[in-house]
Amino acid sequence: MIMSSYLMDSNYIDPKFPPCEEYSQNSYIPEHSPEYYSRARDSGYQHHHQELYPPRASYQERQYNCASIPEPDTQRGHGLPHAGHLLGKGQSASCEPPPLPLSPATPSAASSACNQATPEHPNSSASAKQPVVYPWMKKIHVSTVNSSYNGAEPKRSRTAYTRQQVLELEKEFHYNRYLTRRRRIEIAHSLVLSERQIKIWFQNRRMKWKKDHRLPNTKVRSSSSTGISSGSNTSSAAGVVAAASTTNTMSASEDLSGTERGEDITRL
């Protein structure tokens, strides 16, 4: 390809012309040394070479660290003229490789940015480890504390149950008057109440049920049983004394009747 373009170049001087001796004899042209033709031939080849290979863009040599691996410059040098020859002068500049980092400080900046981004992960993990607090676990029955709070336990206000909550509690009490801990937790979760509220409601409901059915209280029953036992002991002792007194009176009356009979017999 280079030889064909060299032969077809317009600047190339065709050597087919009359001998110089004829022109020199007629004084048409001055005599030239053979170096003239070789100089013209060389200048034409250089001009073609400049057009074929555009001037290389200014490239500054950069210093690299030992850690970085330099790219082979020989391949880059051979690749640029070939691309320029195929694409032309206008597109030769776009084939340059992308600029490399100017200073080795950029990796440290990237590492610092990574270090700044890493502290966000412990916060997310800490937020994920926080326990989930459901509404029924909160102390909603505690009233607000006054400004004159002396450190004692605040006074609890009376819980106002809704109609839906009372209905569900009554239904549960109809089937079971005593709840297990698991069932109490389930009811508290479903009704958005605390376990303490469920426990107190069932205690009050059981007392009301015993009162309606006229059943003695368990605590009152124990005290009454002790009173009854003591009363029975006193009554038994009184009975023994009464029986002894009656026997004594009966024996005394029999003695009197016997003496009276003896006196009557002697009179006769």
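Cβ coordinates are placed from backbone N, Cα and C, and glycine is handled just like the others.
Feature annotation from Swiss-Prot assigns region 'Disordered' to 70-129 (among others).
If you look up Swiss-Prot, you'll see 77-95 (among others) marked as compositional bias 'Low complexity'.
According to Swiss-Prot, the feature compositional bias 'Low complexity' maps to 105-114 (among others).
For 115-128, the entry in Swiss-Prot reads compositional bias 'Polar residues'.
What Swiss-Prot lists as motif 'Antp-type hexapeptide' is 133-138. With DSSP states grouped into helix (H, G, I), strand (E, B) and coil, the motif 'Antp-type hexapeptide' (133-138) comes out at 3 helix, 0 strand, 3 coil.
Helix, strand and coil counts from DSSP across the DNA-binding region (154-213) read 42 helix, 1 strand, 17 coil. Summarising the annotation, Swiss-Prot assigns DNA-binding region to 154-213.
The region 'Disordered' annotation in Swiss-Prot covers 212-268 (among others).
Residues or ranges marked as compositional bias 'Low complexity' by Swiss-Prot: 222-253 (among others).
Annotated compositional bias 'Basic and acidic residues' per Swiss-Prot: 258-268, in sequence order.
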Give the nonlocal contacts of the motif 'Antp-type hexapeptide' (133-138) in its own chain as ranges (CB under 8 Å, at least six residues past its ends).
188-189, 191-194
